[in-house]
């Protein structure tokens, strides 16, 4: 358990950096590898701008909570058979709790500066993220059904013969929608976005902004590792050692999530709300029903 | 610390562009310039770029914007006469050099660090008056519960001026809005958008501006998918489709005080962006002429 925690903490910084590099690819700015580090350093050297009558405690803590949720979520992902930081029989529930609390943390981030655009972003995010999190619950129950267990290790072992991606093809795309919402990205970036001048981050600057962006990238890593584990067989794979397979699959999901965030346009929130409740949630029910029929003896 | 500083030396300079008359198209050319990054909020910026002539009536707004940049900060006036005595002037096609030089300097506050209006709240935190709220602390009326026009969910109505340099609104447009949540319940035009060059009405830049509000880049293949993100049968979708196909859009919007109420913030920003800048300006000027 301690070994797994250490490996995760060692792997996280390079993966966060990889996430930042992915975000830079195709923006035509050059300096792919060094750019994120340089910009991060410049941000750390800028001051934190004060706002009028902020909620100081929550403003300070929101990025930390976000990062903590990413770390706790990541801790249930097994790196190899038996090598997992939090070896819970209910790992999927812990992950689900991290998802749900992300809504609260993003809200606090928008609430605490006491300014209109961050607050609009916060409320908008809650309205959209709530159904998105519901979606993920059904999708993850679908992933847990073949394993007949809520333990993430058992979910991986149940994919020895065939990955969940093949068994329940709707699962991963629906889970990716949640990933976009968790990591405040592209079509699900209702906390921020150009139309709100950065939304919940509009008043942030300096180290506080750097911390929020770091946490957001860490959440992308955590989500990608979870998606790779629940749908792509996690550490399972021929020839290469298990942790390396997990790493490769995590990077692949990360790249796909970043690409999806760039490809799909963000709808006006009312339209997205309709899409979530009327199309995506019923799709996740259908996914769950199909999985249920499959696992019938 | 010195390691951090040497790493930061190669960083992109975050620039907030306050766009004046004729500044829209030139700022667009900076978007992919290496070494610079245009940001959406002055809080993220190191340099304030005033691009194009800003109406003297907006000098105070510009000074307040200047104060929003955390120090060290600097100003560059690009094809713009100075409205206050700070910063550097850049006249050519490329302000990059001036921005780089400015990023080495610092400017003190332009305005005294005082509230813009006197304190008129009731109670030490403005919590007096009706129920928990009341008064107009620092010139901003406290949000009070009011009738809702959309779904009957009565929220606190919030009145404020938005603009003239908000990046999601046409440059120069200042709106007096009453918001409930993110729904606009009343709107007034405090200042019309600045005149922009004819190149700003071209389909390409218009589509790019609208797509940027939807979080994606301007490539045509993506834009086709983006149409589905807008409500079917809406004018916004029709106009974006025309722009993506390379056609000009010459529709004039309805007067803003009639058209904006009932839209949510995103819908309103997209709707405003779905008209050519010159047509939008005409619609804002018309009531004054009448």
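Using the three backbone atoms N, Cα and C, a Cβ is placed for every residue, glycine included.
Looking at A:42-63, A:64-85, A:152-173, the range annotated in TrEMBL as transmembrane segment turns out to be A:64-85. Of the given residue ranges A:8-30, A:123-145, TrEMBL assigns the label transmembrane segment to A:123-145. Cross-referencing A:184-205, A:272-293 with TrEMBL places the feature transmembrane segment at A:272-293.
Within its own chain, the transmembrane segment (A:123-145) has Cβ neighbours under 8 Å at 92, 95-96, 99-100, 102-103, 106-107, 110, 155, 164, 168, 170-171, 174-175, 177-178, 181, 184, 188, 190-191, 196, 199-200, 230-231, 269, 272-273, 276-277, 280-281, 284-285, 287-288, 291-292, 295, counting only residues six or more beyond its boundaries. Sequence-distant contacts of the transmembrane segment (A:92-111) (same chain, at least 6 residues past either end, Cβ-Cβ under 8 Å): 55, 58-59, 61-63, 65-66, 69-70, 72-73, 75-76, 86, 118-123, 125-126, 129-130, 133, 136-137, 140, 143-144, 150-152, 155, 178, 182, 184, 191, 199-201, 212, 219, 222, 226, 230. With a threshold of 8 Å between CB atoms, the same-chain residues lying at least 6 positions outside the transmembrane segment (A:217-238) that come near it are 12, 15-16, 19-20, 23, 66-67, 69-71, 73-74, 76-81, 92, 95, 98, 102, 140, 143, 152, 155-156, 159-160, 163-165, 168, 171-172, 175-176, 178-179, 182-183, 185, 245-246, 249-254, 257-258.
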